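A.B. asks: Quick one: structure below, then a few questions.
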Amino acid sequence: MAKTYDYLFKLLLIGDSGVGKTCALFRFSEDAFNATFISTIGIDFKIRTIELDGKRIKLQIWDTAGQERFRTITTAYYRGAMGIMLVYDITNEKSFENIRNWVRNIEEHASPDVEKMILGNKCDANDKRQVSREQGEKLAASFGIKFMETSAKANINIENAFFTLARDIKAKMDKKLEGNSPQGSNQGVKITPDQQKKSSFFRCVLL
């Protein structure tokens, strides 16, 4: 049977329990929101095929449990990931502070050239905000990665986040396939204008 896609990208969602990783994944894969999800046990995944630059890209997106007791299970999935989204809840300062710990987990267990992005989720709950957008931007900039505020509930920036991460992975793959750039070099070449800076920031806007 012929393949129905040109690329297969494995993505990973990590972050503390309750930050909305499952809701973000469900919004992207099913375009739906369910406020009654229970905490993920171990690991689960969804698949969605998208089109970028005329290529069909199959996204296999793994949703990991945030609890410490599942850490051994979930870190085993880091190595094969091509892109990782680190998610915190803007209404939970502790989940934001723990992003640094999640970054350390990536450095220990994931591929050195994995694409990363930080998501400040639940930005629709602005009245309960504990983490400012500027704090999120500053943290992402300190790691040299992209940042977006998102809301699975209000469907803000979810699509944009996954497409941006997939586009960055594809740009990196295309460069490697060309064979004219050493690994680890600047990834800015051939990236479209809306991706030129790895520390780009995206605002949460409620319409």
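These residue numbers are counts, starting from 1, taken along the chain as shown.
Glycine too: its Cβ is placed from the backbone N, Cα and C atoms.
Positions annotated as GTP binding site by Swiss-Prot, on the basis of similarity to another entry: 17-23, 39-40, G66, 121-122, D124, 152-153. Per Swiss-Prot, Mg(2+) binding site is recorded for T22, T40, D63, and the stated evidence type is similarity to another entry. Look at Swiss-Prot and you will find 31-45 tagged as motif 'Switch 1', backed by similarity to another entry. The motif 'Switch 2' annotation in Swiss-Prot covers 63-80. What Swiss-Prot lists as S-geranylgeranyl cysteine is C204, and the listing cites similarity to another entry.
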A.B. asks: For S17 (GTP binding site), just count the other CB atoms lying within 10 A of its CB, please.
C.D. replies: 14
A.B. asks: Radius 10 Å, atoms counted are CB only; among the binding-site residues D63, D124, which position scores highest?
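C.D. replies: Selected residue: D63.
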A.B. asks: Reduced to three states, what secondary structure does DSSP give D63 (Mg(2+) binding site)?
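C.D. replies: In three-state terms, D63 (Mg(2+) binding site) counts as strand.
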A.B. asks: Given D124 (GTP binding site) and T22 (Mg(2+) binding site), what distance in Å do their CA atoms have, once rounded to a whole number?
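C.D. replies: Distance between the two Cα atoms comes out at 17 Å.
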A.B. asks: If one measures from the C-alpha of S17 (GTP binding site) to the C-alpha of D63 (Mg(2+) binding site), what distance in angstrom results, rounded to a whole number?
C.D. replies: 11
A.B. asks: So of K21, K153, which of the binding-site residues has the fewest other Cβ atoms within 10 Å around its own Cβ?
C.D. replies: K153
A.B. asks: Select the most exposed residue of V19, C23, where exposure means the fewest other Cβ atoms within 10 Å, treating these as the binding-site residues.
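C.D. replies: Looking at the binding-site residues V19, C23, the Cβ with the fewest others within 10 Å is that of C23.
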A.B. asks: For K21 (GTP binding site) and D63 (Mg(2+) binding site), determine the Cα separation and express it in whole Å.
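C.D. replies: Cα of K21 (GTP binding site) to Cα of D63 (Mg(2+) binding site) measures 7 Å after rounding.
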A.B. asks: Could you state the whole-number distance in Å separating the C-alpha atoms of V19 (GTP binding site) and D63 (Mg(2+) binding site)?
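C.D. replies: About 12 Å separates the two Cα atoms.
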A.B. asks: Please name the residue among the binding-site residues T22, N121 whose C-beta has the most neighbouring C-beta atoms within 10 angstroms.
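C.D. replies: Result of the Cβ crowding comparison: N121.
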A.B. asks: Compared by Cα position, which of the binding-site residues C23, N121, K153 is the closest one to D63 (Mg(2+) binding site)?
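C.D. replies: So, of the listed binding-site residues, the one sitting closest to D63 (Mg(2+) binding site) is C23.
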A.B. asks: Could you state the CA-to-CA distance between K153 (GTP binding site) and T22 (Mg(2+) binding site) to the nearest Å?
C.D. replies: 11
